Amino acid sequence: MVSSTSELITQPVNREEVVPSRKRIKLPAWLEVVKPRLIPLLLATTVGGMALSEEWPLPSPRLACTLGGGALAAAAAGALNCLWEQDLDKRMKRTSNRALPSGRLSQSSVFIGAVACTLVSSALLVSGVNCLAAGLTLLGLCSYVLLYTAFLKPRTSQNIVFGGVAGAIPPLVGASAAAGHIGLGGWWLFSLVMVWTPAHFWALAILLKEDYRSVGIPMLPTVSGPFVTAKAISVYGYLTVFLSFLGCFVLPEGGLLYGILLLPYNSRLLQLVSRLRDNPEDLDRAKGLFRWSILYMFGVCFLLVISRLQVSIVFNDQLIALIKDFSTGFS
């Protein structure tokens, strides 16, 4: 029993095992370097930020400029991250075949591409949205590359707690694109993404802890071990569930329906968090939590949009009226 547990802990896990699509889809070098798999969730939280505004839905041109500018900025951030970490990637077997370490792309071409994406992104957002959305997008790019990648990641096991601000900025971009200011709803979704990020990322870090250890990156599982990490994941998981329900009160309309539809998402998240806490050394449990956490955030943003549909608003109002009638009958 001890030996099997030891194998479970020490056997390296590839990202291909965690994200099955990586096995099936081999991206060209120029696309691989911009990390396209990360972009859809960033755009989803951007749309979630929009849905929290009174001005939802947005005109199609402004929506397209916001999402296009956000996608280009995320691509630039991914490319600059690859540039910064190419020496680390070269030292890890799992990442040594990436575009930059393997020599399939040159440093200069990646840098020029990142600058071009940044300039086009800024132009789209300034001309088609507003300066606040453009400034926040640039802030997100800089915070990911400079704050997280360059400063926090190699220095502290709490890197993702503070560095998670980069991934939490898209809701602010969405809110500002819709209304010209951020508003309470935008700040709520920003906070939700901030507390969701550690639980999401540490589940992945448990799977890849040997990789991080081999290059001296102080991720929480490599510094404190899986038991401490699982407890921390549990804390952030419960915080995520608590904060997610506050969306009922910040949605301009449809809050009750959103809260009801959110129940199965939160139940599943808590179930997976509890399973990992009970056995932090089970990599399948960490893998399951990581995968569900991605679907969870997509689901929250989907529910925010669904709750703002006219049919949902009518149904939400009927639910409220039914509850009032029911409570009146007992008074």
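One is the number of the first residue shown, and numbering goes on along the chain from there.
Glycine is treated like the rest: Cβ placed from N, Cα and C.
Summarising the annotation, Swiss-Prot assigns transmembrane segment to 63-83, 109-129, 132-152, 160-180, 188-208, 215-235, 241-261, 294-314 and lists sequence analysis as the type of evidence.
Just going by CB pairs under 8 A, the stretch in 160-180, 215-235, 241-261 that sits most against the transmembrane segment (63-83) is 160-180. The recorded stretches the transmembrane segment (294-314) and the transmembrane segment (109-129) do not share 3+ CB pairs below 8 A when only pairs 6 or more apart in sequence are counted, and are therefore not in contact. Within its own chain, the transmembrane segment (160-180) has Cβ neighbours under 8 Å at 42-43, 45-56, 58, 62-63, 66, 70, 77, 129-130, 132-133, 136-137, 139-141, 143-144, 147-149, 152-153, 186-187, 189-191, 193-194, 197-198, 201-202, 205, counting only residues six or more beyond its boundaries. Note on the transmembrane segment (109-129): residues 30, 33-34, 61-62, 64-66, 68-70, 72-73, 75-76, 79-80, 82-83, 99-100, 137-138, 141, 177 of its chain, located 6 or more positions outside it, place their CB under 8 angstroms from a CB of the stretch.
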